Amino acid sequence: MSTAPPPAEIAGIRRRFYLMISSVFVVDAAMTTLYCLVADAWRVFPRNMISGALLLLVANFILARDLFAPIDRFLRGEGVFKDIQRRLTQLPIIAARNVALLILPLWIFRMYAPWFLPAESAAFPWPPLADGITTIVVVTLFFFTYTYFLASDYLAKLCVFLFRHFGRNLELYYGSYARKLGVALLVIAIAPLLAIIVDIYSYDSDKLRTEVLVDVADSLFAMAVAIFFVVRSLLRPVALLTRGMSKVAEGDLAVRVPVTSNDEIGQLTNTFNRMVEGLRDRERIRLTFGKYVSESVANALIQQTAGDSRIQAEARDATVLFTDIDGFTGIAERLPAETLVKAINEYLELVLEPIQRHGGVVNNFIGDGLLVSFNLPLANDDHAASAVATALEIDKLVSGRTFANGVGFGTRIGINTGLVIGGTVGAGDRLSYTLLGDPVNTAARLQELNKTHGTRILVSEATRQRCQDRFAFRNIGTVSVRGRAEPAVIYAVAPRPAVVAA
């Protein structure tokens, strides 16, 4: 559940962003110091530090403030997530681009300072063209890559923050995991080697030794910094996703993983979240139906929902079976509560087996009774015959059987066929699959009419017609059914196949 972030946490997120951007100057200053130390070029240290501070601190801060402004407004509650999602996704590449655009003129100035500062031309002659261009390109590429992965690492933390406090995840993915790996390999392995090769072809004697030492020192430092942030940036999203998968494997379907990268791993994480949401929905349905129907029926119901925890409402020709225990009120009055509950549970366990085997779905337990549907929500073209066959098996199983060490039950069953409406009703997690329509009410009334006619199974004319001659039906006659304006023709069912009497 998301909670509004405290102002102190927002300030911390903002502060970390500007510290992250400022670290570019720190790395540049460290490389400048290494250069001056190895090459004994302390004379250029002041102007290199000043030029670096002007561009990488002041100018970079101005660009960073503009980059972060929309995100900052959202954190203060002045915008919607949709307005900043593109900026979030592009945060690493824009930050890296800004730094590259500042590094490029900075190092052109440093490499060719004699052109800008003629007084230095004697002490620091112009470098060979190949070395100058290579150095500028390699340094620019390094700072671009460093900033990109540094900003990606920051973005991961920011995304976790947004997920925790606002419940939002990235849904735009402009990055490429393969390109990230390619650039990282280029900067860490190839670029330093290229710089050294160019030195070998550009210098000789002591100057060559000095240039190679400078490149090796700066390369080792740059590689250490780059490797740290590259590895952390690439592996953090994978680690979060792995932890989420482990929780799901342990049965925790409440897990939701923050999307912390703008590439294929981010897409995979988003897909994982949708998958877990689908599993949660299916688990709700399994909890709703799994104890009332067979596993195959429950799985079929889950497939029908197509990722929605609500089974779509529909009207379908179906058969409804309503069963009740004969004389249950009197039985309940004379039995201890524990014995009564035990007997009912044994009874229900017994009658559920034929219901499940014939494709019936228990819609509801109503006290000692059951409301069962055939062909809704699970398709069954032979639903009427399945319902009658189920009723006959239940009657046979219950007759002469005792439960809870001596409690005998008789059962009454009413069956009706017609247009039934089925659908999920309720709110939030309090959902229930419900059957509506006249056939449901009529099935309940037919069950009650068994007491009047001394029968055990009564079916409607519609059900008898669907079954044709597969069962022995005895015409009871036309009777008034409570709740219906029109009288109904009803039939008793004999426990053996026979031809229907005209």
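Any Cβ shown, glycine's included, is placed from N, Cα and C.
Copied over from TrEMBL:
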| type | residues | note |
| --- | --- | --- |
| TRANSMEM | 17-42 | transmembrane segment |
| TRANSMEM | 48-68 | transmembrane segment |
| TRANSMEM | 88-113 | transmembrane segment |
| TRANSMEM | 133-156 | transmembrane segment |
| TRANSMEM | 177-201 | transmembrane segment |
| TRANSMEM | 213-235 | transmembrane segment |
| DOMAIN | 232-284 | domain 'HAMP' |
| DOMAIN | 319-447 | domain 'Guanylate cyclase' |
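Residues of the domain 'Guanylate cyclase' (319-447) grouped by DSSP class, helix first, strand second and coil last, total 54 helix, 49 strand, 26 coil. The average pLDDT computed for the domain 'HAMP' (232-284) is 78. The domain 'HAMP' (232-284): residue composition by secondary structure is 39 helix, 0 strand, 14 coil, according to DSSP.
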